[in-house]
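One structure below.
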Amino acid sequence: MKSFVGCLFLVIGVLPLAFAGHNYGEALSKSFLFYEAQRSGYLPHNQRVHWRGNSGLNDGKASGIDLVGGYYDAGDNVKFGLPMAFTITMMSWSILEYGRQMGASGELGHAMDAVKWGTDYLLKAHPEPYVLYGEVGDGNTDHFCWQRPEDMTTSRAAYRIDPNHPGSDLAGETAAAMAAASIVFRRYNPGYANELLNHAHQLFEFADKYRGKYDSSITVAQKYYRSVSGYADELLWAAAWLYKASNNQFYMNYLGRNGDALGGTGWSMTEFGWDVKYAGVQTLVSQILMSGKAGHNTLVFERYQQKAENFMCSCLGKGNRNAQKTPGGLIFRQRWNNMQFVTSASFLASVYSDYLTSAGKYLKCSSGYVSPNELLSFAKSQVDYILGDNPRATSYMVGYGSNYPRQVHHRGSSIVSIKVNPTFVTCRGGYATWYSRKASDPNLLTGAIVGGPDAYDNFADERDNYEQTEPATYNNAPLIGVLARLHAGHSGYNQLLPVVPAPKPVPKPAPRGKVTPAPRPRVLPVPANAHVAIQQRATSSWALNGKTYYRYSAIVTNKSAKTVKNLKLAISKLYGPLWGLTKYGDSFIFPAWQSSLPAGKSLEFVYIHTASPAIVSVSSYTLV
């Protein structure tokens, strides 16, 4: 699979500086193996987790619909629609932000396969505009049995929402998943991307028109995935993703008109996850605002951003209402599967850090201004804790490091593989033989992020300790983006916020006479003894709405034998956004991740506008 490139992945080359301590690339690779272990349905020929077999092959049959496929949510054999759709949304978001970094690691193909395994199922689950199947299997009967998925004898009933049994939260999240995934596949499989986007439009209309909580319609979900936050956050979440996917102004205006009524501008959150989406919506809206595309929605979007920044500040412990942390520094929200909140908060902090850096801004907390790099450092600290930098020196990713959970609360991994011993495992026999067994799992659930420690960093590696040893698909989904970001280090920094949307495909080439050549870059006069040289060139151009846009690259090189520090650049006749430098008063200085320029080294920054190259000059610097 080729690297995922395009307008969304505008990358600035800066001095390589990898993060040290953990092998984030290894952790990233193992995360995708976990998704292969969670697959339901007919396994593909390239399945790498060989201890799994086909399962759930009659799903949906009793209802006259094919619902084979998808993912089991955690350590059980039920397919729950709400957390599955959130998982797909977050995997897609991870790819959209850090797909190029995944490509450099050789993992982008696996990432896209993981998304498509989910979206293929979601498409099946949406057979009509106002019908969506939201669960296959029954948590009550499933939890009564301990069977590997290949043997399961539990109910495979299918449950749905429709106009008489609405579920705006489920339909909204599924719309968000399909919209986000449509962007992922737009370059490689445009037909599939369009299909996803069409379903997303329909699901949003369904969610908005027939409002109600899904667990009031699919009541069997109440004990397992109750929608405590209601559906208002999912309506905004879906609108934000549909705007990103379609660039349709209707969805941006929906966010503007409904921000107050649906809570997007009112709720300051300290959590983000499969139930509560407000912090995610607020982060997405902040990106729209910082990219200068909010238009007449600017004032409302600023209120969204204020709540987004409250979330970031609370994670850092610099807000008015801060997230609780363990003595070892891990965010702690609840006893049961706390890790889901850790990975999702880490992802939001990572992307918001990059959004701020792209816009040349700082985070505003009650304690003062905070650099974007501090947000990224927070995310790194949480990931490092997960991978073993904690008071117990335990990795909470199965198969990573040498000290990780061995008795995972997971039916498939805890029972001998059907390929090793095909003897049927009965419903209660699985509990007697395998669940109560005080030994390591026979199958390694590589890459799974388990529930994690308690509020005091304590952890018991016991299969019946489901609050701490059960994994979940939505634990890993945000983490894969952060792992890709950290593995790439500063050299993999992903610059975002293009000033214009991606150019639309043109059916036929424009006539030769219509082509506008790029303006010739100005050659700056540089004294013979100058220590800092600047070279500019136009690297691409495109026409949109009657205007020609140019992307300019500027290379700043230290030609001296010493290190340049305290560099200040003056830039005039700049009419668009700039990436790769930090705005400081009337000048531009080194980006947040860089404090100096060693002898002979260069840094690059870029900008986009419709004019000739900007005038860039060196105001001051020091040599050390």
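Yeah, the Cβs are placed from backbone N, Cα and C, and that goes for glycine too.
Any TrEMBL annotation is an automated prediction that lacks curation.
Listed features, source TrEMBL:
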type	residues	note
SIGNAL	1-20	signal peptide
ACT_SITE	His409	active site
ACT_SITE	Asp461	active site
ACT_SITE	Glu470	active site
DOMAIN	532-612	domain 'Carbohydrate binding'
Alpha-carbon distance [Asp461 (active site); His409 (active site)] in Å: 9
Whole-number Å value for how far Glu470 (active site) lies from Asp461 (active site) (Cα to Cα): 10
Residues of the domain 'Carbohydrate binding' (532-612) by DSSP state, where helix covers H, G and I: 0 helix, 52 strand, 29 coil
For Glu470 (active site): intrachain residues, at least 6 apart, with Cβ closer than 8 Å: Ala74, Gly75, Asn337, Val408, His409, His410, Val450, Gly451
His409 (active site) CB neighbourhood, other CB atoms within 10 A: 24
